[in-house]
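Down below is the structure, laid out as structure tokens.
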Amino acid sequence: MSVTVRVPAKVNVQLAVGAARPYGFHDLANIFLAVGLYDEVTVTPADALRVTCEGPDADQVPLDTSNLAARAALALAERRGFEPNVHIHIAKDIPVAGGMAGGSADGAGALLACNTLWQTGASRAELLSICAELGSDVPFSLVGGAALGTGRGEKLRTLDVGGTFHWVFAMAGRGLSTPAVFREFDRLGEGTDIPEPVASQEIVEALAKGDADALAASVSNDLQPAALSLFPELADTLAAGRAAGALAAVVSGSGPTTAFLARDKESAAKVAQALETSGTCQKVRAASSPAPGATVL
Ligand code: C5P
């Protein structure tokens with residue numbers, strides 16, 4: 001018997017970053033929006049814990065216990081006193097180290113899949129608390145839709161989304177490490193007064209109305225200067241998408257994937273085509289929001 005769970009990628013329509021805290025994280029006001037690009041995580045009983053991965057970027061995915069999917073299985077098994085004897089297979093479509101929570105998606109997916117396979121009866125609250133232990137973005141991967149994340153990003157408040165948003169994502173030829181981008185954020189901000197992160201009411205309202213123009217006018221990412229500093233060519237990708245008519249162009253999370261908001265499906269197709277021929281990125285994908293969270297298939 002196997003269980004398969006489908007989990008979405010995310011884009012941050014707001015990523016407000018506060019000063020570094022002594023415990024090594026930053027306070028965030030983080031508005032997540034799930035997008036219709038998915039990984040599928042399948043778990044099957046096995047003699048021992050094992051992870052395999054398929055997909056174009058599969059060679060970049062660690063198959064040891066540094067993989068969040070393996071850590072999720074271990075965390076749930078440990079709480080229940082089980083042996084985590086399961087084969088986890090990841091069919092990967094979300095870019096690796098791309099700023100779209102691909103690793104977090106696999107963590108949330110494996111947790112829900114193992115919980116279903118093992119019939120542990122864990123509550124939603126317990127699953128969310130395990131997600132928060134696994135990583136800042138993992139709870140959102142479980143929940144999907146749209147949410148405001150505070151604390152280090154893991155405390156979620158669900159937000160209403162009143163329409164469909166059309167996105168184009170440009171994937172880069174290499175990844176960026178999230179801790180490295182946060183370190184660069186700290187370096188660039190040294191000696192300056194970094195304000196407390198505050199959720200944007202404009203963005204919350206734009207999501208609720210399904211208003212792409214209003215969302216485009218307010219989209220923001222405080223990590224973007226740091227990502228551009230480490231990966232300056234991303235400026236060319238952002239410019240190419242803007243020139244093709246994107247309403248907004250922004251680095252997704254800690255990057256290096258860049259996200260382009262389009263007015264409608266036709267405009268998204270135009271932006272995607274322009275980016276594909278621009279020579280400024282490796283791969284282009286169109287996807288819409290919102291998308292549901294981790295779902296047992
Ligand atoms: O929580 P997660 O493991 O995804 O975080 C990865 C890294 O991103 C952390 O080790 C930290 O360097 C950085 N981070 C941060 N502040 C946050 C979230 C993540 O500095 N709120």
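We count from 1, first residue shown onward.
From the backbone N, Cα and C atoms, a Cβ is placed for every residue, glycine too.
TrEMBL does not curate its annotations; it predicts them automatically.
Over in TrEMBL, the protein carries these features:
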ACT_SITE  LYS10  active site
ACT_SITE  ASP137  active site
BINDING   PRO95, VAL96, ALA97, GLY98, GLY99, MET100, ALA101, GLY102, GLY103, SER104, ALA105  ATP binding site
DOMAIN    67-145  domain 'GHMP kinase N-terminal'
DOMAIN    204-276  domain 'GHMP kinase C-terminal'
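The record gives PRO95, VAL96, ALA97, GLY98, GLY99, MET100, ALA101, GLY102, GLY103, SER104, ALA105 for ATP. Within 8 Å of the mean position of their Cβ atoms, the other Cβ atoms in that chain belong to ALA9, ILE94, THR257. The most densely surrounded of the binding-site residues PRO95, GLY99, judged by C-beta neighbours within 10 angstroms, is GLY99. Secondary structure of the domain 'GHMP kinase C-terminal' (204-276), assigned with DSSP and counted as helix (H, G, I), strand (E, B) and coil, comes to 42 helix, 11 strand, 20 coil. PRO95 (ATP binding site) sits 11 Å from LYS10 (active site), taking the C-alpha atoms as the reference points. Here the Cα atom of GLY103 (ATP binding site) is found 9 Å from that of ASP137 (active site). Here the domain 'GHMP kinase N-terminal' (67-145) has a mean pLDDT of 97 out of 100. When each of the binding-site residues ALA101, ALA105 is scored by how many other Cβ atoms sit within 10 Å of its Cβ, ALA101 comes out lowest. Ranked by CA distance from LYS10 (active site), the recorded positions ALA97, GLY99, ALA101, ALA105, ASP137 have ALA101 at the top as the closest. Of all the recorded positions listed here (LYS10, ALA97), it is ALA97 whose C-beta has the fewest other C-beta atoms within 10 angstroms. Per DSSP, the domain 'GHMP kinase N-terminal' (67-145) is made up of 47 helix, 7 strand, 25 coil.
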